[in-house]
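Visitor: My structure is below; once you've seen it, I'll send some questions.
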Amino acid sequence: MDSKSCSNDVDVETKEMDTRSLPASRRGLMHLHKVGTPPKQNLLREFTARVNETFFADDPLRPFKDQPRSRKLVLGIQAIFPIFEWGRSYNWKKFRGDLIAGLTIASLCIPQDIGYAKLANLDPQYGLYSSFVPPLIYAFMGSSRDIAIGPVAVVSLLLGSMLSKEIDPNLNKAEYRRLAFTATFFAGITQATLGFLRLGFLIDFLSHAAIIGFMAGAAITIALQQLKGLLGIKNFTKETDIISVMHSVWGNVHHGWNWQTILIGVSFLSFLLVAKYIVKDIEKGINPSSVYQIYFRGEYLLKGLKIGIVAGMIALTEAVAIGRTFASMKDYQIDGNKEMVALGAMNVVGSMTSCYVATGSFSRSAVNFMAGCETAVSNVIMSCVVFLTLEFITPLFKYTPNAILAAIIISAVAGLIDIPAAILVWKIDKFDFVACLGAFLGVVFKSVEIGLLIAVTISFAKILLQVTRPRTAILGKVPMTNVYRNILQYPEAAKVPGILIVRVDSAIYFSNSNYVKERILRWLMDEEERVKAACQPMIQFLIVEMSPVTDIDTSGIHALEELHRSLEKKNIQLILTNPGPVVMDKLEASRFANLIGEDKIFLTVADAVSSCSPKQADEV
């Protein structure tokens, strides 16, 4: 062996011995990994990927890949009409479950439909019409196995409230009915359009907490409206807020209350003998055509469009929420966009067959689920029972007292008040509870529309607050580890002398970039005051942990540049750790990485601390 090779071996051994003799943090410096910069992407490809992720996250065309043309045709039909997919495996056992469930929900829906039609200020048969045609359409096009279709209390009340502000249902019943069909048509168009354009994520802007408050407020409003029938009051307010209703109730206490009707509402012992007001005749026969009654021009076209959009969105939100709830219980998936198309199609067809807005009913769906439904055939069974009722049984409803219908409606909407859910919202997120309470108070004290507006406004306000005021945290080193965590969550985590470590828990955009910069500088100012008072080493390095920063725009880059300049004036070095691929790409493109130096961008906080202060990193 020559002397040169021996010399090399000695050098290697010496380096290894020197490495082993170094502290752990210094040894780590020799093996630091550089933050990776993603390869440049084609602009068109990047834009296409972003669009696909936004509108086609579920990859709806995947089943069509590598399929022959005939198979693609079959899959296309099944995509539009899911019944042709699950119908192939339908059997007697499933039909037996659907039969029992369908008969059960039919017994529930018939009295409810009559009552809900009254909430919408329509004649009783229109409630039954809306449980005949729409469920048939949904059974062919819907993807939920458990949802039960028909009129619901909240949408009926909303329609009745908004339509009556345009046309008095007592003075002009025919025009009012035409406007109701027009609103139903545009509700369906709205729902189907959202589904076709894959804009279902828009309904998620109405938060779960806001829906809880909105539903509870609507339940109380609906129950208060039933005091007219329950107390036998003839002259009752048309307003829906609690103050107007209670004023109307107590204003009629001496001469407007019908005590016989009150007795009937409380007890069913002898209601046929003493009932003074009863339902009007329910028109016999199935749905007549209403195609020519829809306003396609004139002054009521835009009014119908406005009401239809609002009613359609509320109906959509309720139906999708119900569908997802029961799908999770049975461990299957529903396609939200297909649901929207199905709901839209059934309401468009319904508007042409004398129906008003139908959607998924929570009370019926719960009964449907508990009764053992297997598929959407339970809706077909319910529809068939409603058909028989319209053809043969409707005359019998002539003698049903209004007090009984009022009691049925109050009983049906009582389940919409979910106090445990509201308490849970309070425990989890106080701001969510504000949305819940705001929606509730808006509906109860003003109107359904105002409550809905408050719910949407507070939901948007929460989003804006979270976007414009993201959370930041001071990090410290967890003892006996190289892990750095929030010192508020881990009080035992220790700060590193001379170094301030800040984590930003959000993307940095134009809407929050200035706040992020100022918040970091405030953290720095507070820390400088603290170390000065404690006679500790002054801050020399500011490390910004960027793992949670999913994206950054030009305003965010500009804010980092301003932060860098502010720190330079204080002789403090800015260091970044673990920026993601999107962020790193933009830091490189903007040359900000060159501005601070690429050696100031580290893979982990531990690497950055070791580089800045290796001795103190070991001592902490």
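Cβ coordinates are placed from backbone N, Cα and C, and glycine is handled just like the others.
Caution: TrEMBL annotation is automatic and unverified by curators.
So TrEMBL says this about it:
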| type | residues | note |
| --- | --- | --- |
| TRANSMEM | 137-159 | transmembrane segment |
| TRANSMEM | 179-199 | transmembrane segment |
| TRANSMEM | 205-224 | transmembrane segment |
| TRANSMEM | 259-279 | transmembrane segment |
| TRANSMEM | 300-322 | transmembrane segment |
| TRANSMEM | 342-363 | transmembrane segment |
| TRANSMEM | 375-397 | transmembrane segment |
| TRANSMEM | 403-426 | transmembrane segment |
| TRANSMEM | 433-461 | transmembrane segment |
| DOMAIN | 489-612 | domain 'STAS' |
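Please go over these features one by one and say how buried each is and what sits next to it.
Guide: With a threshold of 8 Å between CB atoms, the same-chain residues lying at least 6 positions outside the transmembrane segment (137-159) that come near it are 80-83, 105, 109, 112-113, 116-117, 119-120, 127, 130-131, 180, 183, 214-215, 218-219, 221-222, 225, 240, 307, 310-311, 314-315, 318-319, 322-323, 326-327, 329-330, 332, 334-335, 338-339, 341-343, 345-346, 349-350, 356-362, 364-365, 367-369, 373-380, 382-383, 409, 412-413, 416, 448-449, 452.
The list of residues near the transmembrane segment (205-224) in space but at least 6 beyond its ends in sequence, with Cβ under 8 angstroms from a Cβ of it, reads 119, 153-154, 157-158, 240-242, 245-246, 317-318, 321, 409-410, 413-414, 416-418, 421-422, 425, 429, 432-433, 435-444, 448, 451-452, 455-456, 458-460, 462-463.
Long-range contacts of the transmembrane segment (300-322) within the same chain: residues 144, 147, 152, 154-155, 158-159, 162-163, 166-167, 175, 178-179, 182-191, 194, 200, 203, 206, 208, 211, 294, 336, 339-340, 343-344, 347, 357-362, 365, 449, 452, each at least 6 residues beyond the stretch ends and with a Cβ under 8 Å from a Cβ of the stretch.
For the transmembrane segment (375-397), the residues of the chain that approach it from at least six positions outside its boundaries are 83, 86, 90, 94-95, 97-99, 101-103, 105-106, 109-110, 113-114, 124-125, 128-129, 131-133, 135-136, 138-139, 142, 144-145, 147-150, 279, 281-287, 368, judged by C-beta separation under 8 angstroms.
Residues 154, 157-158, 161-162, 205-207, 209-214, 216-218, 220-221, 239-243, 310, 314, 422, 425-426 of the same chain, all 6+ positions outside the transmembrane segment (433-461), place their C-beta atoms under 8 angstroms from a C-beta of that stretch.
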Visitor: Please list the DSSP helix, strand and coil residue counts for the domain 'STAS' (489-612).
Guide: 62 helix, 21 strand, 41 coil
Visitor: Give the nonlocal contacts of the transmembrane segment (179-199) in its own chain as ranges (CB under 8 Å, at least six residues past its ends).
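Guide: Result: 55-56, 120, 122, 126, 159, 162-163, 166-167, 290, 293-295, 300-301, 303-305, 307-309, 311-313, 315-316, 337-352, 354-357.
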Visitor: What residues elsewhere in the chain lie close to the transmembrane segment (342-363), defined as a C-beta under 8 angstroms and at least 6 residues from its ends?
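Guide: Apart from its flanks, the transmembrane segment (342-363) reaches 108-109, 112, 117, 120, 122, 126, 129-135, 137-138, 141-144, 147-152, 155-156, 159, 180-185, 187-195, 287-291, 294, 308, 311-312, 315-316, 318-319, 322-323, 412, 415-416.
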